[in-house]
Amino acid sequence: MLLSQPLLHAAVFALTVLQALASNTFIAAVYEHAVILPATADEPVSPEDALALMNSNMDVLEGAIKAAAQQGAHIIVTPEDGIYGWRFTRETIYPYLEDIPDPAVNWIPCTDPTRFAPAPVQERLSCMARNNSIYVVANIGDKKPCNSSDPSCPKDGRYQYNTDVIFDPEGKLVARYHKYNLFIPETQFNYPKEPEAITFETPFGKFGIFTCFDILFREPAVVLVSELQVDTVLFPTAWMNVLPFLTAVEFHSAWAMGMGVNFLAANTHHTSVSMTGSGIYAPDGARAYYYNMKTEDGHLLVAELDSHPRLTATFPLAVNWSSYALSVERFSPNDNDFGGLIFHDWFTFTELTKPEGKRTVCQKDLCCHLHYKMSEKRENEVYVLGAFDGLHVVEGQYYLQICTLLKCKSTDLSTCGQPVETAQTEFEMFSLSGTFGTNYVFPEVLYSGVQLAPGEFEVLSDGRLISKTRPTKPVITVTLFGRWYEKD
């Protein structure tokens with residue numbers, strides 16, 4: 001006897017749950033999407049034209065979702081702005097928005113599309129999840145009417161939010177998140193009145209979600225991990241790479257290690273604005289990642305992760321980030337210390353003039369210590385040890401403490417801190433530490449060609465970031481990126 005369609009979906013979903021429950025791991029997928037952008041417009045397009053553009057992008061996403069499901073993926077994350085792009089004013093984005101209800105309403109848009117206001121995007125995403133028996137994570141826009149009784153209601157009578165939605169393998173809306181930390185150009189959206197800490201349970205762990213710029217702030221990012229103890233974080237993003245520390249794959253991998261969680265980062269792909277870099281990251285390093293500034297193609301990543309990483313034997317030990325560095329004698333200033341800018345922040349640098357040795361550089365309360373040995377000191381490449389202890393105030397305000405071993409762009413010391421993508425110098429060893437005032441420190445190692453180093457370095461419990469391979473591949477930077485949230 002053939003099962004009816006609803007019974008078939010129920011059977012497939014039940015099988016998926018049983019399979020997940022039977023394993024301590026799950027299969028994750030992220031898709032880096034080369035978004036089809038709308039034409040720049042001064043006036044809003046018609047709802048029909050807006051939906052046509054969004055359907056064009058969802059056609060691509062649906063192909064990626066099907067491919068991920070065929071590879072056994074239980075969940076797929078798609079990028080921020082992945083359905084309509086980002087060329088909008090507050091007025092011109094309005095035709096692309098839908099009213100997204102609270103997930104407590106227990107709604108499957110695929111099977112009940114008329115229950116609320118017209119929501120063709122939510123209906124289609126729901127059907128993608130349901131038809132492929134997979135959790136689907138997407139970024140869309142939410143609109144909420146308001147009136148004069150609300151003193152913060154915008155003049156046009158509505159709130160507009162940058163919003164993530166999650167549909168489970170039955171197509172049910174199980175989570176909705178309104179982005180709290182908007183990037184400066186996002187004037188088309190409103191800030192939520194309060195930060196949201198959104199979690200949901202799955203057969204393979206507790207999940208949380210936030211969006212792009214949120215990662216640099218305590219709420220909601222740190223709250224989800226440190227207070228709500230999620231196992232996996234979902235991260236739709238439209239990340240513009242900023243070497244040397246804020247390249248997507250570099251920082252996202254470091255954040256997963258520093259916070260001790262799985263991290264599924266799906267980036268948009270648009271090389272003209274340096275958008276690329278997606279990955280599936282575990283606390284012990286990247287499981288799969290993608291960085292490509294040469295073509296305009298999308299890319300699917302699929303990898304296996306531990307459902308509960310804190311319970312695994314490979315989960316990193318607790319780190320006292322200042323323990324070793326505080327035991328090292330603070331030297332007097334070096335004769336060749338100098339200053340330089342990295343992404344608008346004024347660092348104190350000292351040059352590595354010898355092929356091996358120990359160096360210290362300090363700024364305010366932060367002293368950075370480096371023990372190193374180069375395989376060969378090249379005359380055409382200069383490396384420095386740098387320290388920054390201060391408030392970053394350009395596209396947002398957040399307090400940083402950074403220790404970095406860094407390749408300069410040229411032998412001219414005034415270029416130290418400028419973006420570099422290639423290097424030739426290998427190291428026999430390095431050990432980097434700092435007198436951090438925060439426990440939130442993210443370890444980064446970036447090799448030539450913007451390549452990560454999974455499994456090739458480790459962080460000791462006393463706060464030292466050390467190399468494990470001998471020699472290393474050519475090094476762009478070795479960095480301890482600290483966030484002191486209390487000083488923001």
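Cβ atoms here come from the backbone N, Cα and C positions, even for glycine.
Whatever TrEMBL says is automated annotation, not expert-curated.
What TrEMBL says about this one:
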- Glu80: active site, proton acceptor (ACT_SITE)
- Lys179: active site, proton donor (ACT_SITE)
- Cys212: active site, nucleophile (ACT_SITE)
- 35-307: domain 'CN hydrolase' (DOMAIN)
- 1-22: signal peptide (SIGNAL)
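Annotated features, which come from TrEMBL, shown on the structure.
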residue : record                       : Cβ neighbours (10 Å)
Glu80   : active site, proton acceptor : 26
Lys179  : active site, proton donor    : 27
Cys212  : active site, nucleophile     : 25
Alpha-carbon spacing, Glu80 (active site, proton acceptor) to Cys212 (active site, nucleophile), which is rounded to whole Å:
8
The predicted model's mean pLDDT over the domain 'CN hydrolase' (35-307) is 97
